[in-house]
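Asker: Before I ask anything, let me first share the structure, which is written out below as structure tokens.
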Amino acid sequence: MTAGGLSIRGLRVVFDGFVAVDGVDLDVAPGDIRFLIGPNGAGKTTLVDAVTGLVKASGSVRFGETELLGRDVHRIARLGVGRTFQTAALFEELTVLQNLDIAAGAGRGPWTMLRTRRAVPDDVAFALEAIGLAGRRDTLAGTLAHGQKQWLEIGMLLVQNARLLLLDEPVAGMSHEEREATGELLGKIAADRTVVVIEHDMDFLRRFARTVTVLHAGKVLSEGTVAQVQADPKVQEVYLGHAAAESEAVEA
Amino acid sequence: MKALTEMNPRLRAWLGFGLGALVLFAAAPALLSDFRLSLLAKYLCFAIVAVGIGLAWGRGGLLTLGQGVFFGLGGYAMAMHLKLADAGPGNMPDFMELYGQLDELPAWWAPFANPAFALAATVLLPMLVAFGLGTLVFRRRVRGAYFAILSQALAAAMVILLIGQQGTTGGTNGLTDIDGFFGYDLDDPVNQRMVYFIIAAVLLGLLALTRQLMRSRYGELLVAVRDSEERVRFLGYNPANVKLVAYVVAAGMAGLAGALFVPAVGIISPALIGIVPSIEFVIGVAVGGRAALLGPVLGAVAVAWAKTALSERFPGTWTYLQGAMFVLVVAFLPGGLASLWGMVRRRRETPPAPAPVTGDQALIKEVAV
Ligand SMILES: Nc1ncnc2c1ncn2[C@@H]1O[C@H](COP(=O)(O)OP(=O)(O)OP(=O)(O)O)[C@@H](O)[C@H]1O
Ligand SMILES: [Mg+2]
């Protein structure tokens, strides 16, 4: 399976008359790390929901050659589209190993499913190392620290063999070192995948984004490299000023 | 005790089954009178239903409030065969002769004269119905309370249907006076004992099967679906299929339990399979502990035993006691009696060291992806 690019045309999501995503066109090339930013309520999460089949949408979303709109959530996932959630969604009563093993297993046949896991599959062992949780593989996911939960989510995407990763605020609530580690992990992941990251954190964005799309009120406001977007007066007006004010408020 | 908890799980399982076999096959027959042993046979039938509920509800989160339907399908399939066998080839069952409305055996009764067909039907019929219902319900993402209400409605509908068709189903009385069991006279205590042993063996066998299911990858996936169905979907699974398997297996177990109940007790009737018995199955499981393997079995036997003992002594109060028990368990001991064991164990151990706040970030940097 070669990494495909993401290509969105005229995407529109309407909730009871409220237009949350309003005619978005978006292209992400294979191997890119695209950051999706925008003020609260801009429609970032809704866009990811539409791509992954969680909400109904009109327009077109292509991953490689395949149209995703209109397919079931689990079918889209099987095509190699993986996502994380704004709040970590793990199987809290299962261990780290079990979480990863389930994520790795959507293609397993009935016979394998009905048997007990005898050894740790290679891809799972690999992911355990990659996310730094090898020493905690028998820990219940629910008892992990916040940052570890986010990594486990990323690890699940790795073993799921997702070629397009959609990460919804993966570093929210992480310490500075944890953010650095996560960013570097993303860089490695992107080598043979396509990564879209929703993020509010500007420092993190400057460090790790390759390209940026700014959403505002359901529309694309600006797009380009970090420098281009930062220099865009429209962006400064609606978003960067807003975020700066916000982070000052948080730090105060 | 500590040694027991640290033991290799496989060894522990063998020991557990050995102990179970000892109790069921040696201790109980030696210690209990024929009457008590036949009561135990009945309780063990409920325990078989409970094992299935433990899987579907405890592990899968499916509140199966209509297991009476499957218990009934299995029970009626078995009873129809035994009634036909009692009547002899070419004859109609006694109650049909009695009501005198029918000239010949209804067509849907006829295949049940064949023992292989009837035996297969006791398990496959409930599984088929569960498959149909489950497919409709889980695909449409009906869950929680609606699934429970639908199950109850089905139980009620089945009872109404059975009562309405008195001429061919025995109506409110059900199918009674079952004398023989594949050539063995059920009035003979020796044969009653044999029925008890069959039931005990089936229970142990199904426990082994369920243990394997729970420990398998499927068992882990089932828990994942219970706790976060949406997340499972995003990993590429269809949760409807995962739930369907547990639901169909539980229905098959309930059907087999119903089938074994008939020779053990000698009757199957609408009162044994309607809304109230369906709820009672679940109460036993809740009391014992729904997510544990043995919790449902012990709960089902304990509640059924308490029902007999208490309604002998204080007739009329049982319903309230049972309701109170259910509320108490749900409110104060959601893991059921089985969770007491775990609590005791944890008390004895030293509290676990708190998890380190930050993880091994350094490792992330070093490992190439
Ligand atoms: N299921 C829904 N029903 C109705 N409105 C919704 C629904 N989901 C989202 N919305 C609305 O759509 C808009 C976009 O929401 P979305 O969650 O996509 O924003 P976001 O850009 O991810 O914001 P944040 O940064 O706060 O996560 C918001 O106004 C939100 O209230
Ligand atoms: Mg969001």
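Any Cβ shown, glycine's included, is placed from N, Cα and C.
Keep in mind that TrEMBL annotations are predicted by a computer and have not been checked by a curator.
Annotated transmembrane segment per TrEMBL: B:40-57, B:62-82, B:116-138, B:145-164, B:194-210, B:244-269, B:281-306, B:318-344, in sequence order.
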Asker: May I ask you to check whether the transmembrane segment (B:281-306) and the transmembrane segment (B:40-57) make contact, with contact taken as at least three Cβ pairs under 8 Å and only pairs 6 or more apart in sequence counted?
Answerer: yes
Asker: Could you check if the transmembrane segment (B:244-269) is in contact with the transmembrane segment (B:145-164), meaning 3+ Cβ pairs under 8 Å among residue pairs at least 6 apart in sequence?
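Answerer: Answer no: the transmembrane segment (B:244-269) and the transmembrane segment (B:145-164) share fewer than 3 Cβ pairs below 8 Å.
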Asker: Which range out of B:116-138, B:145-164, B:194-210, B:318-344 gives the transmembrane segment (B:40-57) the most CB pairs under 8 Å?
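Answerer: If we count Cβ pairs closer than 8 Å to the transmembrane segment (B:40-57), B:194-210 scores highest.
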Asker: Go through the chain and flag residues at least 6 beyond the ends of the transmembrane segment (B:318-344) whose CB is under 8 A from any CB in it; none is fine as an answer.
Answerer: 280, 283, 285-292, 294-295, 298-299, 302-303, 306-307, 310-311
Asker: Using a Cβ cut-off under 8 Å, which residues of the same chain at least 6 positions beyond either end of the transmembrane segment (B:145-164) come close to it?
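Answerer: For the transmembrane segment (B:145-164), the sequence-distant neighbours (Cβ-Cβ under 8 Å, at least 6 residues beyond its ends) are 62-69, 72, 76, 133, 137, 170-172, 174, 270, 273-275, 278.
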Asker: In terms of Cβ proximity under 8 Å, which residues at least six beyond the ends of the transmembrane segment (B:194-210) contact it?
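Answerer: Contacts of the transmembrane segment (B:194-210) (Cβ under 8 Å, skipping residues fewer than 6 from its ends): 17, 20-21, 24-25, 28-29, 37-38, 40-41, 44-45, 47-48, 51-52, 54-55, 181, 184, 186, 253, 256, 260, 263-264, 293-294, 297.
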